[in-house]
Amino acid sequence: MAKKGFQSSQNKPFQRWLGLSIVVIILDQLSKLIVLKTLPLHGSVRFNDFFNWVLVFNPGAAFSFLADGAAWQKWFFIGIGLIATAVMIWLLFRHGKQTMFCFSISMILGGAVGNLIDRFTHGAVVDFIDIYYRHYHWPAFNLADSAITLGTFLLILDELRRVIKQR
């Protein structure tokens, strides 16, 4: 009788979803590395009338929530990130054949780990995408944030679809 280990066909969906998360992490970290190597802190490169690259560090959460806290917020967000990472890996392993659900979780996981790496290496998240219209700027963000947002949107959509199906 063949042993069922990590390489079994039962785990192939899990491996695929974990692979997608790793791709998100790599793209996020490469983009941040390019910005860190080419821009000084608070420097910017204008691409057009609504898009800049800037270099800013966000020690808080989305929209700089809790950014003005003392050093405790770094460890708070690292702790939450580690717990969320473990839960998402478990969800991918447990529900690997649910395509939309796992795609969503993989995007969120990749983004969360990308930002977690920043918190470990820089003490804050590296943000660089600046979208604006005239003098109205959206808070700077990064590819990890985009992956988290996309994953969250798709997760909500998947849940709505599931609820409608059950009716």
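Cβ coordinates come from backbone N, Cα and C, glycine included.
As recorded in TrEMBL:
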TRANSMEM  47-66  transmembrane segment
TRANSMEM  72-93  transmembrane segment
TRANSMEM  100-117  transmembrane segment
ACT_SITE  Asp127  active site
TRANSMEM  137-157  transmembrane segment
ACT_SITE  Asp145  active site
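Beyond its flanks by at least six residues, the transmembrane segment (137-157) meets 24-25, 27-28, 31-32, 54, 56, 58, 62-64, 100-101, 103-112, 114-115, 118, 125-131 of its own chain at Cβ-Cβ distances under 8 Å. Asp127 (active site) is 9 Å away from Asp145 (active site) when you measure Cα to Cα. All protein chains shown were included, and the count of other CB atoms within 10 Å of the CB of Asp127 (active site) stands at 22.
Secondary structure at Asp127 (active site), as computed by DSSP, is strand.
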